[in-house]
Amino acid sequence: MTFPKLRLAALALVLGASPALAQDKLLNVSYDIGRELFEALNPQFQTYWQEKSGRDVTIDQSHAGSSKQARAILEGLPADVVTFNQETDVDVLAQGGMVAENWREAFPNGASPYFSLPSFLVREGNPKGIEDWDDLAREDVQPVFPNPKTSGNARYTYLAAYAYALAQNGGDHDKAQEFLGKIFANVPVFDTGGRAATQTFAEREIGDVLVTFEAETKSIAKQYADQGFVPVTPSMSLFAAFPVAVVAENAERAGSTEVATEYLNWLYTPEAQDTMAQNNYRTTDAEVTAKYAAEFPQLELVTVDDVYGGWEQVTADHFAEGGILDKVFVNR
Amino acid sequence: MTALALPHAPGQSRAVPRLLIGLAVVLTAIFVVAPLVFIFWRAFAEGWAVYVANITDPMTRHAIWLTALVAVIVVPVNIAFGIASAWAIARFRFPGRKLLMVLVEIPFSISPIIAGICYLLLYGRQGLLGPFLADHDIKIMFALPGILLVTMFVTAPFVAREVLPLMQAQGSEQEQAAVTLGARGWQVFSRVTLPNIRWALLYGAVLATARAVGEFGGVSVVSGSIRGQTNTLPLQIELMFNDLNTTGAFAAASTLTVIALVVLVVKAALESRR
């Protein structure tokens with residue numbers, strides 16, 4: 001076969017592969033580690049939508065770091081809905097006019113159908129007896145988490161530890177920073193992302209405790225079952241939203257606003273929530289939450305709004321150049 | 001031939017060449033062979049059944065197919081561009097010739113991710129041509145054309161850089177002789193020029209194929225990573241790796257490795273017929 005013929009054949013395949021059927025289509029642009037969750041959820045929604053409207057819907061998924069995804073949507077990635085793991089990345093879309101300004105009110109629970117929180121994963125048998133945030137500041141404990149400068153995941157860890165220290169010290173910021181300095185001094189290596197930190201902990205066997213989202217600690221424990229890692233829930237942590245939004249501009253152009261809205265609303269149904277709990281996320285539906293209560297220990301949960309006055313404020317105070325995070329890094 | 005041994009300088013033992021050869025072998029084993037073996041070892045870590053399941057996963061299959069499609073489109077374009085630019089630079093004197101030489105090599109010195117971002121800033125929704133493209137409903141970014149453009153950019157120098165030195169070294173005497181004997185332009189090209197450069201051309205095409213198949217950084221910026229649509233094999237590998245699906249990632253990586261090895265074997269087979 002000559003090259004031109006091969007190219008023709010390939011072109012025919014491309015055209016043949018995407019027949020223009022009269023049916024609903026959704027592109028869900030999502031964060032990098034949500035593949036398994038949505039692979040489980042989407043077929044359920046397809047059945048639901050078929051029964052409800054009598055129409056078929058195909059749901060395409062795109063997974064990458066959610067900041068990168070937000071950028072791509074601003075540059076034309078035709079997302080109908082976003083399901084992210086950083087509120088600030090939806091804010092970026094809102095500032096770009098792609099998502100309604102009041103997106104947090106468009107769906108229940110601050111537009112976060114499920115959530116997680118920074119939590120611990122310790123080595124088999126918990127030899128260092130790590131139970132709470134103050135154990136991470138002990139001199140004989142090496143915590144592993146990525147660099148908060150480059151990783152959104154680690155920013156939650158930082159803010160959770162800081163909120164804990166504030167609560168312990170009656171809101172004294174100097175003491176909280178001193179506490180964070182001690183934890184940072186104990187970190188043997190700052191990886192750039194959550195996946196790299198997981199490898200440092202699980203494969204290079206560095207450190208005593210991995211700090212990451214609770215949902216992650218459980219799937220890591222499952223993945224490395226032979227190492228016997230144990231998830232440990234601290235007494236207090238920070239609410240980590242997994243925000244969803246309809247990308248209004250794209251959905252209107254594609255005529256998919258109805259199915260997009262319905263899809264996100266459906267994420268709050270017991271059926272969908274059950275799948276989320278099975279994927280180690282904490283749920284908002286009361287019944288499902290009660291059903292899986294044994295797997296998700298109770299703890300005091302604070303939000304960025306409560307402790308820090310919102311994401312804009314926390315970014316300015318802590319993560320800006322010369323902010324509190326920089327001070328903690330220098331003084332560690 | 002057998003009588004011709006390399007002369008030894010007095011006082012120089014055979015230890016030095018042996019040491020160098022040993023070093024080369026050890027380094028090759030560490031840097032090339034070990035990772036290759038490791039890929040297949042990890043891919044088959046959970047047995048054949050899991051491997052087959054990973055490879056036949058529809059999303060992985062689509063990624064393999066898309067990556068092959070990109071190579072099949074990009075490499076012929078690259079061959080045409082490479083011959084044309086090498087021909088122009090080697091055979092003609094014209095204003096801007098030096099500039100063309102530099103331009104051809106630019107992709108070598110620019111990081112692919114920069115190339116991806118440049119295309120994004122040009123063709124993206126907020127880019128220079130974005131509004132025009134949106135008005136005419138032309139999709140370039142986050143679709144096949146964007147992936148092709150970036151892959152063409154990063155592979156552009158391969159054929160030209162292989163063919164050009166050969167063309168310059170061979171000079172144009174044979175072509176001039178052909179013209180004197182009454183050959184027309186196309187005849188000169190297909191009977192004289194092409195046979196002379198075909199091995200360099202082939203080598204360049206092989207390198208371009210390998211690069212096109214493995215391209216990650218630039219494509220990652222413009223692809224949008226839509227599974228089953230614009231997710232190429234390297235992106236699929238990253239996705240699975242991030243997802244803690246290490247075996248799946250290595251299984252996908254093994255197919256990429258097999259493609260690369262097949263390309264190399266084809267090249268070796270063709271060369272042996274030289």
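Quick reminder: no glycine exception, Cβ is built from N, Cα and C everywhere.
Annotations in TrEMBL come from automatic prediction, not curation.
According to TrEMBL, the features are:
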type: DOMAIN; residues: B:64-271; note: domain 'ABC transmembrane type-1'
type: TRANSMEM; residues: B:20-44; note: transmembrane segment
type: TRANSMEM; residues: B:64-87; note: transmembrane segment
type: TRANSMEM; residues: B:99-122; note: transmembrane segment
type: TRANSMEM; residues: B:142-160; note: transmembrane segment
type: TRANSMEM; residues: B:200-226; note: transmembrane segment
type: TRANSMEM; residues: B:246-270; note: transmembrane segment
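Under 8 Å from some Cβ of the transmembrane segment (B:142-160) lie the Cβ atoms of residues 66, 69-70, 73-75, 77-79, 81-83, 85-86, 104-108, 112, 115-116, 119, 123, 201, 204-205, 207-208, 211-212, 215, 218-219, 221-224, 226, 230, 232, all in the same chain and six or more residues away from its ends. Highest Cβ contact count with the transmembrane segment (B:200-226) among the listed stretches B:20-44, B:64-87, B:246-270 falls to B:64-87 (criterion: pairs under 8 Å). Under 8 Å from some Cβ of the transmembrane segment (B:20-44) lie the Cβ atoms of residues 51, 54, 246-247, 250-251, 253-254, 257, all in the same chain and six or more residues away from its ends.
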